[in-house]
Every structure is written in C-alpha cells, then in structure tokens.
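Chemist: Please find one structure pasted underneath; my questions will follow.
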Ligand SMILES: N[C@@H]1[C@@H](O)[C@H](O)[C@@H](COP(=O)(O)O)O[C@@H]1O
C-alpha cells in the first residue's frame with residue numbers, strides 16, 4: 001500500500017442474475033489467462049448466483065479448474081468442517097462437489113476450537129507458499145465488514161480470529177435455527193492479506209447493502225468502515241446490482257418531484 005487513492009471500477013447491473021454472470025465471467029477470464037490461478041473465495045448469500053453460473057460454465061466446457069487453487073476468506077470458530085452451516089459445507093454444496101477442482105487444491109481455514117491457534121499462522125503461510133492470491137472475490141457486510149473484518153479491525157492485520165459484531169450475528173442468524181447457535185468468533189483473512197491480492201472483485205447486492213455501497217463510494221478511508229481500505233488498492237472492481245445502487249423507485253420519484 002502506497003497511500004495513493006485509486007478510483008474503484010464500478011459495474012452496474014440491472015439484476016442479481018446479471019451481477020452473478022459478470023462475476024463468474026471475471027473468474028473464467030482469470031483462469032483463461034492463468035490456468036493455475038489462486039482464487040480467493042467468499043461465502044454468504046451474495047456469491048451463490050456466481051457459483052451457479054460458474055457451474056454452468058464448467059458444464060459447458062468454458063472453464064477448467066484442474067490447476068486452480070482456492071483460499072476461502074473465513075470460517076466460524078467452533079463449527080467443524082462437517083457442520084451444515086460451516087463455510088466448508090457451503091463451499092462443498094455450492095461449488096466444490098460440482099466442478100473438477102482437486103480436493104488438495106482447496107483451502108478453507110479450519111474452525112475447530114482446538115486447532116485455532118496454529119491455524120492462524122498456518123493459513124497465512126499456506127497463502128504465501130502458493131504465491132498469494134491472484135483474484136479475490138469479496139462480499140460486504142451491512143457494517144462494511146469484508147471477510148469477517150469487523151469495524152475497527154486494524155488495517156495491518158493478517159489472518160486472525162475475531163469476535164463477531166452482534167449485527168453480523170443477527171444478519172447471519174437466518175442460516176441457523178436461532179441466534180444463540182451463531183458462533184461468536186471467526187477466523188478470517190486480515191485486511192492486509194486481502195489487500196495483497198493482485199485483483200479484487202467486490203459484489204454488492206440488495207437493498208440492505210445500499211448504505212454500505214454509498215459509504216464505499218464516499219472515498220473516506222477509516223477502520224470504522226473496513227471496506228473503505230479498498231480505495232488504496234489499484235485493481236478493485238465493484239459489481240453492484242440495482243437494488244443496492246439506487247433509492248427505491250418511490251424515493252426516486254419523490255426526489256424527482258421536489
Ligand atoms: N463472512 C461473510 C462475508 O464474507 C460476507 O461477505 C458477508 C455478507 O454476506 P451476504 O452476502 O449474505 O450479505 O457475510 C459474512 O459475514
């Protein structure tokens with residue numbers, strides 16, 4: 001990081017489907033240029049459509065994952081890899097079981113409580129040993145978190161464990177039977193790990209992310225809003241759908257009428 005603020009490239013999409021297709025195509029293009037690319041992958045609701053598109057493209061022989069390596073951003077601490085809400089299971093269900101990405105080339109931090117201390121160092125080391133991330137896919141939390149880097153996480157951190165914000169636990173509670181079941185701690189790539197990626201693609205979809213998108217575009221950089229650091233990266237593409245982009249049509253109408 002050299003302190004220079006870069007302009008974020010923004011791709012505005014009419015629909016979530018179009019956002020998903022654009023994101024999938026960026027991955028396909030990356031793998032076409034470099035078949036042994038190291039991809040950084042994310043979870044959550046937003047990239048589900050992108051993974052569906054990738055599977056379609058794989059089935060129509062437009063992408064080959066044979067040499068690709070993947071590193072996921074984060075995992076809950078306290079859920080083992082077979083827990084249905086773990087990101088290990090998410091990745092298996094949404095991508096890995098459908099494509100030809102060899103098992104020993106997929107990496108996700110281990111969330112097992114007894115392994116967590118060594119995993120923090122091991123995971124960062126594995127990323128470095130594989131030459132760092134070529135293309136990192138990110139989503140964003142309503143509070144601006146990326147990975148599980150909650151507001152006020154120091155920008156210079158590499159892989160670490162984090163106490164989840166209550167708002168993040170509430171947002172993710174929909175995947176569990178109750179909020180009590182949502183883990184309180186997670187392991188995540190740090191902001192520094194993410195910023196060392198060659199390229200970053202940030203996906204922003206839906207009404208709930210409108211404010212986060214606006215804050216991101218305001219160009220003020222602060223640890224209070226973790227995603228704001230992306231302004232200091234030279235190659236970030238933000239793919240945003242209309243729901244996250246605009247005020248609702250009613251609001252737009254009334255502001256037009258003023
Ligand atoms: N750790 C994940 C993030 O990587 C993700 O970007 C965010 C947004 O998720 P969603 O796309 O479901 O809104 O949620 C979680 O907290």
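Including glycine, each Cβ sits where the backbone N, Cα and C put it.
Sharing the feature lines straight out of TrEMBL:
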{"type": "ACT_SITE", "residues": "74", "note": "active site, proton acceptor"}
{"type": "ACT_SITE", "residues": "143", "note": "active site, for ring-opening step"}
{"type": "ACT_SITE", "residues": "145", "note": "active site, proton acceptor"}
{"type": "ACT_SITE", "residues": "150", "note": "active site, for ring-opening step"}
{"type": "DOMAIN", "residues": "16-235", "note": "domain 'Glucosamine/galactosamine-6-phosphate isomerase'"}
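Structural setting of the listed features?
Modeler: Annotation for residue 74 (active site, proton acceptor): spatial neighbours 42, 43, 87, 109, 147, 148, 186, 187, 188, 189, criterion Cβ-Cβ under 8 Å with sequence separation of six or more.
Residue 143 (active site, for ring-opening step) falls outside any helix or strand according to DSSP and counts as coil. Counting every protein chain shown, the number of other Cβ atoms lying within 10 Å of the Cβ of residue 143 (active site, for ring-opening step) is 18.
In this view, residue 145 (active site, proton acceptor) is surrounded by 25 other Cβ atoms within 10 Å of its Cβ, with every protein chain counted.
Taken residue by residue with DSSP, residue 150 (active site, for ring-opening step) is part of neither helix nor strand, so it is coil.
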Chemist: Checking proximity to ligand 1 here: which active-site residues out of 74, 143, 150 have their Cβ closer than 6 Å to it?
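Modeler: Cβ under 6 Å from ligand 1: 74.
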Chemist: Would you mind reading off the Cα separation of residue 143 (active site, for ring-opening step) from residue 150 (active site, for ring-opening step), to the nearest angstrom?
Modeler: 8
